[in-house]
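Notes follow once the structure below has been shown.
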Amino acid sequence: RCAGRLEVFWEQQWGTVCDDSWNLLADIVVCRQLDCGSPLPGSGSAQFGQGTGRIWLDDVVCNGMEDDLSACRTKPWGEHNCNHEEDVRVVCSVCFSFFNVEINNAFKLQLVNGPSLCVGRVEVLYSQHWGTPCGDKWDITDVEVVCWQLGCG
């Protein structure tokens, strides 16, 4: 359920999304909406086969902070200049990219030394020890996953 060709439901019909203007920020929104963690590299066109029927969305532009895909800017629903060779695929993972380990009940996060529960230094409980992840390759995807995991928006 966290990887595949992206389809959306509108006017009682499933249809695909064109990859024109699609980027990592749109992947972030979709993965969050599906409760699937963060996007993995390699999302692209038609890798899970081509859809059939309607193409509902084209030129999707997200800022990465939207709660769901419908809040992103797009051409009007049903208007497109695409074919199914351009269908979006998204691959999400419930893994933190900075650890590359699966999130489970034993894997916990917290923010410390900040003014609220949603501000501070990231610490991770791993093998019964709290530690701080290295900042190498830290990016907006990692921030989004941490905020999502902590319920901070």
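Including glycine, each Cβ sits where the backbone N, Cα and C put it.
It should be emphasised that the depicted structure is a prediction, and the values quoted were computed from it without experimental measurement.
As recorded in TrEMBL:
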| type | residues | note |
| --- | --- | --- |
| DOMAIN | 1-93 | domain 'SRCR' |
| DISULFID | Cys18-Cys82 | disulfide bond |
| DISULFID | Cys31-Cys92 | disulfide bond |
| DISULFID | Cys62-Cys72 | disulfide bond |
| DOMAIN | 109-153 | domain 'SRCR' |
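Features as recorded by TrEMBL, highlighted on the structure.
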residue : record         : Cβ contacts under 8 Å, 6 or more apart
Cys18   : disulfide bond : Ile55, Leu57, Asp58, Asp59, Val60, His80, Asn81, Cys82, Glu86, Asp87, Val88
Cys31   : disulfide bond : Cys2, Gly37, Ser38, Pro39, Val90, Cys92
Cys62   : disulfide bond : Asn23, Leu25, Ala26, Ile28, Val29, Leu69, Ala71, Cys72, Arg73
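Shown are the disulfide-bonded residues Cys72, Cys92; of these, the residue with the fewest other Cβ atoms within 10 Å is Cys72.
In the shown protein chains, 19 other C-beta atoms lie within 10 A of the C-beta of Cys82 (disulfide bond). Note: the domain 'SRCR' (109-153) comprises 11 helix, 19 strand, 15 coil (DSSP; helix = H, G, I, strand = E, B). Per-residue confidence over the domain 'SRCR' (1-93) averages out at a pLDDT of 88.
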